[in-house]
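Worksheet for the structure shown next.
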Amino acid sequence: MATAVVMNGELKKQPRPGKGGYQGRGLTEEEARVRAISEIVSTMIERSHRNENVDLNAIKTAACRKYGLARAPKLVEMIAALPDSERETLLPKLRAKPVRTASGIAVVAVMSKPHRCPHIATTGNICVYCPGGPDSDFEYSTQSYTGYEPTSMRAIRARYNPYVQARSRIDQLKRLGHSVDKVEFILMGGTFMSLPAEYRDFFIRNLHDALSGHTSANVEEAVAYSEHSATKCIGMTIETRPDYCLGPHLRQMLIYGCTRLEIGVQSTYEDVARDTNRGHTVAAVADCFCLAKDAGFKVVAHMMPDLPNVGVERDMESFKEFFESPSFRADGLKIYPTLVIRGTGLYELWKTGRYRNYPPEQLVDIVARILSMVPPWTRVYRVQRDIPMPLVTSGVEKGNLRELALARMDDLGLKCRDVRTREAGIQDIHHKIKPEQVELVRRDYTANEGWETFLSYEDTRQDILVGLLRLRKCGKNVTCPELMGKCSVVRELHVYGTAVPVHGRDADKLQHQGYGTLLMEEAERIARREHRSNKIGVISGVGTRHYYRKLGYELEGPYMVKHLL
């Protein structure tokens with residue numbers, strides 16, 4: 001209960017413990033906070049030793065009420081107070097957003113400096129729905145971003161310095177209790193490959209230097225030091241467009257250490273690409289997919305339902321074609337429902353009544369139906385943009401669209417079988433289910449003028465994915481000399497579960513338990529006996545090259561290569 005005290009002849013009301021103040025007891029607010037943190041950590045240790053359930057929220061609430069704290073201690077403060085002897089046991093209880101490293105990798109998103117969209121020179125304008133960029137209402141933001149997304153705000157605080165962005169984000173994830181031994185960079189902020197070569201080299205060099213701590217003179221030196229750093233760069237993703245994903249661009253991205261491309265497709269209809277001012281054809285998308293996959297890259301496509309002049313039936317047909325046509329069949333997908341944002345051409349159409357978004361409930365139904373079509377070899381990375389809702393004039397109204405769509409699928413008796421939903425780490429976090437009987441599963445399909453084999457270790461009864469490998473028998477679009485002739489290429493090897501250091505082992509975790517080696521052995525067998533290849537290449541992250549050396553591979557250009565007997 002609140003109490004009243006006399007101060008300077010006036011009655012002052014004291015807040016109740018936990019209701020905006022802190023109890024006296026001769027403690028300052030800072031001292032009360034320190035004692036509360038100490039008590040929270042001590043209680044967690046005691047309950048852990050007694051094998052009792054550690055309910056962090058209940059423990060925090062009790063301590064805050066006891067010491068009258070209006071604001072609960074931050075996770076980073078509690079993590080810092082953990083004794084070294086208890087960190088391994090209690091860190092999972094304190095880790096913020098465990099999903100961030102559930103796939104075994106800490107993702108670090110960085111942004112290049114704001115620059116104009118390259119197709120303005122040919123089409124005279126940007127895409128009709130695209131916010132951001134130097135000429136927009138959000139002038140200090142990069143193209144297609146508003147400057148208010150979490151990654152954008154971190155980039156602006158760092159003044160778009162790549163080293164500061166990377167180092168500060170890695171340190172932040174570490175403070176939040178995540179393992180940062182394996183890092184994947186995602187380069188966002190418009191068409192990176194359209195920027196001058198000098199700036200691109202500066203940007204990539206600083207990303208690798210942020211891991212190694214070395215100050216490099218060029219990209220080659222930065223990559224060489226990054227290969228031996230304690231924090232490994234196991235992959236790099238670059239956002240690009242089909243017209244900046246040709247042979248010379250692909251070669252340069254391989255030198256950077258890039259392993260995955262995110263390509264803006266948006267629609268499989270030529271008329272929609274023209275009407276929205278994309279600046280490229282859908283045929284160009286299919287061509288660049290062929291080139292990228294034959295160079296070994298993983299390909300993630302961006303698709304946008306609810307574009308102007310499409311409608312529900314055409315949207316569903318577009319996604320059906322995307323998943324079933326050999327011209328597309330990307331390895332990953334980001335679904336970005338169309339948003340109306342101030343300052344875009346679409347905003348003007350919306351203001352005059354010439355464009356209207358799907359109603360929210362209908363959009364949830366559409367996304368649910370799209371997710372039910374996803375084949376088991378495709379990973380759905382995102383289901384909506386992370387643009388803050390107050391900046392959205394019309395479109396998605398809630399920030400948990402994936403969750404709503406999955407709930408709708410349950411209602412309709414549908415199931416999502418994409419890679420992310422079935423990952424062992426995600427299943428463990430969301431459903432507390434672990435794989436029991438794991439077996440090798442093989443799926444073959446044609447895509448982009450080549451033959452794809454998707455190998456995986458799965459618990460087929462519980463539908464849990466433990467690890468995967470993407471093997472491709474190269475088609476006729478090979479541009480890299482290292483892969484010419486009778487050659488197969490491993491485009492991805494990934495074992496899921498909470499991150500374990502590259503040379504480490506943890507009996508309770510799936511990484512480094514031998515699944516990767518078994519997948520590589522099967523891939524080599526298929527390449528030798530079925531593809532009739534005399535060489536197999538791997539597009540390897542810079543920091544994982546030592547792993548492949550132990551399997552008998554050698555560095556040849558940007559690839560790890562092994563000659564098959």
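Numbering starts at 1 and runs along the chain as displayed.
The backbone N, Cα and C atoms fix where each Cβ goes, glycine too.
Listed features, source Swiss-Prot:
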type	residues	note
REGION	1-27	region 'Disordered'
DOMAIN	100-390	domain 'Radical SAM core'
BINDING	Cys117, Cys127, Cys130	[4Fe-4S] cluster binding site
BINDING	Lys182, Glu492, Leu493, His494, Val495, Tyr515, Gly516, Thr517, Tyr548	acetyl-CoA binding site
DOMAIN	414-565	domain 'N-acetyltransferase'
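Taking the features listed in Swiss-Prot, we show where each one sits on the structure.
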{"residue": "Cys117", "record": "[4Fe-4S] cluster binding site", "Cβ contacts under 8 Å, 6 or more apart": "Ile126, Cys127, Cys130, Gly133, Gln143, Gly190, Thr191, Gly279"}
{"residue": "Leu493", "record": "acetyl-CoA binding site", "Cβ contacts under 8 Å, 6 or more apart": "Gly467, Leu468, Leu469, Gly516, Leu519, Met520, Val538"}
{"residue": "Tyr548", "record": "acetyl-CoA binding site", "Cβ contacts under 8 Å, 6 or more apart": "Val538, Ser540, Met560"}
Could you tally the C-beta atoms, other than its own, that fall within 10 angstroms of the C-beta of Gly516 (acetyl-CoA binding site)? 20
Work out the three-state DSSP category of Cys127 ([4Fe-4S] cluster binding site). coil
How big is the acetyl-CoA site in terms of the longest C-alpha to C-alpha distance among Lys182, Glu492, Leu493, His494, Val495, Tyr515, Gly516, Thr517, Tyr548, in angstrom? 18
Averaged over the domain 'N-acetyltransferase' (414-565), what pLDDT does the prediction give? 90
Can you tell me the three-state DSSP label for Gly516 (acetyl-CoA binding site)? helix
By a three-class reduction of DSSP, Tyr548 (acetyl-CoA binding site) is assigned helix
How many neighbouring Cβ atoms, not counting its own, are there within 10 Å of the Cβ of Cys130 ([4Fe-4S] cluster binding site)? 23
Provide the three-state secondary structure of Cys117 ([4Fe-4S] cluster binding site) computed with DSSP. coil
Near Lys182 (acetyl-CoA binding site), how many other Cβ atoms are within 10 Å of its Cβ? 24
Beyond the site residues Cys117, Cys127, Cys130: chain residues whose C-beta lies within 8 Å of the centroid, for [4Fe-4S] cluster: His119, Asn125, Ile126, Val128, Tyr129, Gly133, Gln143, Ser144, Asn277
Val495 (acetyl-CoA binding site), Cβ-centred 10 Å count of other Cβ atoms over all protein chains shown, is 24
